[in-house]
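Undergrad: Pasting in a structure now, in structure tokens, and then I'll have a few things to ask.
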């Protein structure tokens, strides 16, 4: 089995928040969810998009951590702060370009999406992807990702059109496809 | 002064060794009371100091660490420092909030190690030793000064004799609790590795058990095997000391940073809060926002947006909504609606 990645097909999201509920149930998540579901245009439409850690290849949170508490696992997952190292400065929450890490004042500890490392290191999908009813969140092999990519070839080798510059800040381990429908563009598959 | 040394590390090493030398000179009444049985531990400690300085320097040179260290030192004498220090370094309130089991385990391990260090290091460097004055009385000498005379069969003397036995039992209790948690807790099992998480616990157990065996050999076996156990114990302690700055145990010397971090946040929070560039809510101190931008810049990350703000100048909800804008083109961050239903009940 090839390397597997979390792939987010944004315009499938129906805002059911199953992923949030599932997140709380992951082995080490201590009954707290680490992901978000956001309304795109709250007073106009019902479209939602899930937002979770994109697991940057060069994570700003880890770079800004004075205690070297944020480790990167072998599968690219950027883990929650190590409990014995985190000094509670909250630099990571300020540095993250997506606003993902959460902070527990009582425990003086940062926690974030760790791509359900206890599951994904065994090849089991993360909780969010395993419950998503609309295939917004998918846990797929890289080969399958390439197939999906090949279905919608665009001149600029991007997935679907969106405004420039790139929608993410730097390369990420989580792959996304943008909501083309929202911009009046039909998906080709 | 700076020309005297090849590097900062060399300077720090020289200062520490010189201080130890002077303290030992005074403490041992001018080298007349050196316990040569502890000579091996002294060499081990000196190697430990070298390793620690190496690790500390590599760590302190990282841009974010440097900021917190420098500003933390400057803010060391705040009113709240004493409170925070007790909270973070003595009673571990934040660990209590993570659960009573982990707190108990950490109190046993942490205070077991700290108390043991308070006994052994002064003994090794001759800062503290015992002599007999009158018959039946024991004299405690600290830094060359007679500080205490106790009855040789009194309860204070009992605590002195058995200090390391008591701490050994504390450490064994804590280490066994920690091992049990590492076998049962799902999150611990997901991320742990043998070298990083288990080895320190086994080393502490190794030290404590061989230490107790010395006592057992003396009390019950008439000193049987004492030389072998003694060398084994010494080996265990020295290996642990040398390994300490490089593994999980490094959090012991580095933990005071959490007091620095708290002071840093409190102080600059009182000075000026940063207003989110989108919603104008205050979310962090202006100083910290600027520091993070600076640190990210040193790592060649500039999250400077076309709209004229850096992402570290946005509060977290606005930063998430701004990403929706980047995904869809709909200016979600400018729509005044709160994020709804973000917290699932576990």
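Just so you know, glycine gets a Cβ as well, placed from its N, Cα and C.
Remember, TrEMBL labels are computer predictions, not curated facts.
Just so it is clear, the model here is predicted, and its values are computed rather than measured.
Per TrEMBL, the feature transmembrane segment maps to B:12-32, B:38-56, B:108-130, B:155-180, B:201-221, B:227-246.
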Undergrad: So, does the transmembrane segment (B:12-32) come close enough to the transmembrane segment (B:227-246) to give 3+ Cβ pairs below 8 Å, pairs being at least 6 apart in sequence?
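TA: Contact between the transmembrane segment (B:227-246) and the transmembrane segment (B:12-32): absent.
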Undergrad: So which of B:38-56, B:108-130, B:155-180 has the most C-beta pairs under 8 Å when paired with the transmembrane segment (B:12-32)?
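TA: Of the candidates B:38-56, B:108-130, B:155-180, B:108-130 scores highest.
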Undergrad: By Cβ distance under 8 Å, which residues at least 6 away from the ends of the transmembrane segment (B:108-130) in the same chain are close to it?
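TA: Those are 20, 23-24, 27-28, 31, 33-35, 38, 41-42, 45, 92, 138-143, 160, 163-164, 166-171, 173-175, 177-178, 204, 208, 252, in sequence order.
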Undergrad: Would you kindly list the residues that approach the transmembrane segment (B:38-56) from elsewhere in its chain, counting only those six or more residues past its ends and only Cβ-Cβ distances under 8 Å?
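TA: Here the qualifying positions are 9, 12-13, 16-17, 120-121, 123-125, 234, 237-238, 241-242, 244-246, 250, 253.
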